[in-house]
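Participant: The structure's right below; bear with me while I get my questions together.
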Amino acid sequence: MPEPWGTVYFLGIAQVFSFLFSWWNLEGVMNQADAPRPLNWTIRKLCHAAFLPSVRLLKAQKSWIERAFYKRECVHIIPSTKDPHRCCCGRLIGQHVGLTPSISVLQNEKNESRLSRNDIQSEKWSISKHTQLSPTDAFGTIEFQGGGHSNKAMYVRVSFDTKPDLLLHLMTKEWQLELPKLLISVHGGLQNFELQPKLKQVFGKGLIKAAMTTGAWIFTGGVNTGVIRHVGDALKDHASKSRGKICTIGIAPWGIVENQEDLIGRDVVRPYQTMSNPMSKLTVLNSMHSHFILADNGTTGKYGAEVKLRRQLEKHISLQKINTRCLPFFSLDSRLFYSFWGSCQLDSVGIGQGVPVVALIVEGGPNVISIVLEYLRDTPPVPVVVCDGSGRASDILAFGHKYSEEGGLINESLRDQLLVTIQKTFTYTRTQAQHLFIILMECMKKKELITVFRMGSEGHQDIDLAILTALLKGANASAPDQLSLALAWNRVDIARSQIFIYGQQWPVGSLEQAMLDALVLDRVDFVKLLIENGVSMHRFLTISRLEELYNTRHGPSNTLYHLVRDVKKGNLPPDYRISLIDIGLVIEYLMGGAYRCNYTRKRFRTLYHNLFGPKRPKALKLLGMEDDIPLRRGRKTTKKREEEVDIDLDDPEINHFPFPFHELMVWAVLMKRQKMALFFWQHGEEAMAKALVACKLCKAMAHEASENDMVDDISQELNHNSRDFGQLAVELLDQSYKQDEQLAMKLLTYELKNWSNATCLQLAVAAKHRDFIAHTCSQMLLTDMWMGRLRMRKNSGLKVILGILLPPSILSLEFKNKDDMPYMSQAQEIHLQEKEAEEPEKPTKEKEEEDMELTAMLGRNNGESSRKKDEEEVQSKHRLIPLGRKIYEFYNAPIVKFWFYTLAYIGYLMLFNYIVLVKMERWPSTQEWIVISYIFTLGIEKMREILMSEPGKLLQKVKVWLQEYWNVTDLIAILLFSVGMILRLQDQPFRSDGRVIYCVNIIYWYIRLLDIFGVNKYLGPYVMMIGKMMIDMMYFVIIMLVVLMSFGVARQAILFPNEEPSWKLAKNIFYMPYWMIYGEVFADQIDPPCGQNETREDGKIIQLPPCKTGAWIVPAIMACYLLVANILLVNLLIAVFNNTFFEVKSISNQVWKFQRYQLIMTFHERPVLPPPLIIFSHMTMIFQHLCCRWRKHESDPDERDYGLKLFITDDELKKVHDFEEQCIEEYFREKDDRFNSSNDERIRVTSERVENMSMRLEEVNEREHSMKASLQTVDIRLAQLEDLIGRMATALERLTGLERAESNKIRSRTSSDCTDAAYIVRQSSFNSQEGNTFKLQESIDPAGEETMSPTSPTLMPRMRSHSFYSVNMKDKGGIEKLESIFKERSLSLHRATSSHSVAKEPKAPAAPANTLAIVPDSRRPSSCIDIYVSAMDELHCDIDPLDNSVNILGLGEPSFSTPVPSTAPSSSAYATLAPTDRPPSRSIDFEDITSMDTRSFSSDYTHLPECQNPWDSEPPMYHTIERSKSSRYLATTPFLLEEAPIVKSHSFMFSPSRSYYANFGVPVKTAEYTSITDCIDTRCVNAPQAIADRAAFPGGLGDKVEDLTCCHPEREAELSHPSSDSEENEAKGRRATIAISSQEGDNSERTLSNNITVPKIERANSYSAEEPSAPYAHTRKSFSISDKLDRQRNTASLRNPFQRSKSSKPEGRGDSLSMRRLSRTSAFQSFESKHN
């Protein structure tokens, strides 16, 4: 943690003062006994008291880390057997500071009872015994270098056995990490590997998405190798796109980290280089991690220290409970109110289970499979996600998961495939593969906990979906807990697909609790999902829950607390809890005007008081309950109505809301949750009203945020939300108007009981939503309201004026009937009903009877005309309105009232002009009394408007009335006129003052005409422009005042320095500079003449005043002033006016229409008569009110509303709501269509389709390749089938007693995939890489036997071209051996198509040949194409490998003879090479091969029992060649350990026997192993040489084996099986390895010194013919070759067709190696027999 440098700086200053004052104190200044404390002591104490606690806190934190965490260091040097210069801990002996071997011995002699030196040296190094704990010395912050942006990460070095609770405390408290909702533990290969680009992209994207959406932690190994490198790449891509950092914790061993010394330091910031040293075995940390925990067990360069620590930490984190939300504790019974904004007691609502953990497997070695088993066996088990296609362990796990059955069982054939796959993948022996297979099958016993992610599969498109699905499957939790997990992860897709499934049982109330959590956490998709699955919001939402939602801490920051504080007009206590009544006051404050929230009405307050009142005595005192009672009500009525409110608390519906979506939308708006508010707006009734209310609330909150000097972003965001809701309201109105105009108008005028009994038009005006008012539907309604019941289209103004001036003309006007006004106001409806009730019904009935009689008298012909006439009469009847009704409707129309008031106002102004222009008499004239009466009655009308307004309290009524601009100006004008009238009635001089006030007052009444102009379509916008320009000019005047003052004061002070104090000075300052703005520059006063006297032309002398000091400055500053004022500021004002003009011009239509509404509503509510006749209307209204109170004492005055409200019944209201919901559905459907048809969406869909098509094409290509490979495999198997058919034909020929010669011909044509020595001889020629051809001549039996016949046509497909790949290396030493690793030479064997193609060459001189020694092999070879051919005997020959004179088949120089040990297990004889003459040609005959002398053979060859002639049984078809002259081209050093040659299919691999000296096999990589070599068996290889024999060979590897077998730590870590135990398990594993290696012998893994295991040589990437070609191929069953051979071996009566006649053997060739040696049956024993 960073140190408080300011505190340290202050403490340093305090120390300086302390030193100075201590010196002063020492001088004896304050040495009295009773003197006060010295000043330095006081300062020191103050500093300690103020700042030392923070310093002590920092020190305490540092000391806590040092006390809690330790490091381990090796304190006992035990030299390693591999490297004597290193200790067993991995460090050099010199790196052990303060320790030497002798010192360590002495220390151990003291501590361990004086053990002997031999015992100490034989002692094994142990962590517990030979390491020492000490406080950690490495923790702080890492700054990774080497990139464009230096990433930072926290780190700490801890012991490997640290308690996990300390680590969790470190992460949550010191590192300030939030407890995760998910823990993803990534495991995989430690060695670097490559992923497919598409798979890497999907893996990274899915991992980041899973971590971001769920708030997860990611655990990795921390180092920059293997799978961790791929995780770092994904984090790097995410960091470049998003600022949020994912919590990625790397748990790495301290001993494997490179540049450890750079990290040592306590609470430091260390730079760290990410470039790794290629020569070092250590690795660097990954720079994209956020935190590192470095586990230390005292070792260096070894993995394993982090395994136990990581697993224990994961286990401890999984025990922590997930807090899905943190809510204030709330009990409905006790009603305990805790703090919300301050420190409060919180009830952590968990899900009952701990943090879920999931293991993610990508690639990996054998140890990963053991880790998976450990996860699955844990309690509770940890689910595992395997990424198929990443390679190695992941693919093996995926294959086992796919083909294994329940209980971990697998098919026998698939078992063999899996074993072979394990062998080839990890280069394992059969025993090791079986051991790993057992572990794999143990994992498959819990395969339901394993989820396999396959890229492109239909089940899992993304890896994050696989991770979360695996967690839900493995959690074994109830449905509510699973839903809480999905809610915490914010993954609604998981909840929809995995939790809300058919047949799921839900406890009572569980979904409601989930709904509450979703609302608190602002999970809109979950709220929608829960509503779709049956959650009733009407039952869910109660008063307590809604209040709980208002007091939640979660969600975005909002201004609700500040609004409540403003409403309360004071600071709130720290433990204050917001109530719904407070929310009601806030809503009323934001809505403004006369809006009344339901939360503040009497019924709700009484209910709230009855429910929670006893525990909250101050709740109602803060509200002012009496403000909702109209002022005109008496006290008795108030008490009576309070007594009438009777609430049944037992009613279950009393605690619920009738419109829950309304309340939730308002909650979302006030809490600034826009997405949630939009969702609730779509549901429920009255969508248009909700949109307008939300628009007004957001706009008011934005205004409050800007007034409170909050961040501008808050105000801008709220304004944006307001515009969104306003746009929704307009679009919904447009949609409803398109469908039905009449119903759309009803939507605008019907009364909204849930929204303060207002209408949508009133809400739109309150929100100042000009676009809504300017809509065509609203304007049509306003036009009808403006006309009232008058039916006029043209010249309406003239007709109305004519009706006012000539009342009889009213009879000629047309009026509308009731059917033409379905959306009339409530007052008009009531009045119309009352008038219709008073009219007699008899004349109408009589008229109908007369019409019926007239119709009956008419004939059929004129029936239609009578019907038309009847319809016209009915229509005319409806248009007939009584005279009284016409007069009433005429004068009550707003347009008539407007012109009536306008004419009266014009008359008032004319009279006012008269009284101010003529001489004022002592007493007012008649004209003046009329003006006075007009102003007086106008004041009474203003008082009526205030009293008749909707707000309850008088003060609130006044505030609402004063919000209108013209009302304020009217009040000022009336008061000013009243003052003038009072002064006018007085004597002089007050009468003159009154007259002046009259003259000033008339100015306003002329300006008042602008309000009348607002009704005009053309003049209205200009009035709006004038108002805005006046506001702009006010800002300009302030700027102008500054410039004017600066010049005016300077000018006045210079020109008039001797002025006396007077108010004239203020006038003189502004007088001239102000008029200069308008062009009056006062030229004669700019530079008046002064100084010396001037003489005119006529000789007169003019005396000039003396010049003022500095008078020349005035013209200069005046020039600057005029430049700024006249040019700059005036033009600036013109530009501002121009901008305002264009701004208003663009919205002039909306502005005029909005002002028109105000005017229409004003005249709609005014009385009929204008002032001064309005007094009669007032008297009539008072009389009606008194009569109403006398008739109905209990009537509610609020029942009759004179506003623009439509009275409709409940059925009609339901129809209106249904119509509105249909409009919403249609609106969203059209919106979706527009979105889908937009260019951006089309481009996005097209890109997705192209990407999907590319993926499909890739899959098609992969399938095509696999089909090709399968076809090749089929070809190979067909060839094998042909081979079997050939064998069957041979057996049939033998049974039918065919002749020997014909049988031999047929047998000579049969071939095998695993080419034997006889087959090599039959190929007739060798083609070397240099282009030389070596032909082989067929042996001709002396007895006259026929030569080998051409191959049968049935066997022609078996002819192939086989090639030898040999490796050559000169016998060089040192670096030359490593440089010339191998030299490839290719020898091809071509089968002769006929005997005529075999060249008859002269025979070479007979000589003892030691060429092809055939040794029996205990392993059964299979029908393979690729084999290994080793030449072991040739290793001791001193022939130069580059000598071209040496025969390929082994005819060496005549001067050497070297014993060669046999490779047979029981062989003790040696084959000796005899000198012979060099053949003249490089060709050799077949006779030479068959006649070569073999002086000594093994006992198996020389002592064969007579009863079992090897030629009596059927000759085997498969052989391994153990000697070949081609081995001279092979390397003689074990370089093959580093890189194995790649063997092509259909090839032989010559491998030197010296490569087996140290029992090392040649790991062969094969391309196309899934196609050509799928049928290859790994058992068709030669057995390696015994360990005991390697010492007899020169250049053996007996001394430097450990140097060659050292491998990288990542390789060791992958091959080792992780264990949670310490060194005891390591010792057990070491002893078990030695025991296994001693039992396996030649067929098992060879164990060398230092416990380094080397697998025996096997054909890698191969399968036997009995096994399927690949894990995904179909199985094919065939008989084993060894089974056939076993059956044939028991058939003693059968004659071998290949057996030659003994008499045909020439003399002198008894020692020769014949073909019988090449086809020895005992060399082909079953492979399984050795393992069984």
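Every residue number used here counts from 1 along the chain in the order it is shown.
Using the three backbone atoms N, Cα and C, a Cβ is placed for every residue, glycine included.
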Participant: With the domain names in Swiss-Prot as our guide, do A758 and G1014 land on the same side of the membrane?
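Facilitator: For A758 and G1014, the topology recorded in Swiss-Prot gives the same membrane side.
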Participant: Select from 192-215, 384-407, 936-959 the stretch of residues annotated by Swiss-Prot as region 'Calmodulin-binding'.
Facilitator: 192-215
Participant: If I go by Swiss-Prot, the feature region 'Disordered' sits on one of 79-98, 819-838, 1319-1338, 1459-1478. Which?
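Facilitator: So the range that Swiss-Prot calls region 'Disordered' is 1459-1478.
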Participant: Could you give me three numbers for the topological domain 'Cytoplasmic' (949-964), the DSSP helix, strand and coil residue counts?
Facilitator: 9 helix, 0 strand, 7 coil
Participant: Would you mind giving the whole-number mean pLDDT across the region 'Calmodulin-binding' (300-323)?
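Facilitator: Taking every residue in the region 'Calmodulin-binding' (300-323) and averaging pLDDT yields 88.
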Participant: For the topological domain 'Cytoplasmic' (1014-1028), find every same-chain residue at least 6 residues outside the stretch whose CB is under 8 Å from a CB in it, and list them.
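Facilitator: Same-chain contacts beyond the flanks: 898, 1140-1141, 1143-1145, 1148-1149, 1151-1152, 1155-1156, 1158-1159.
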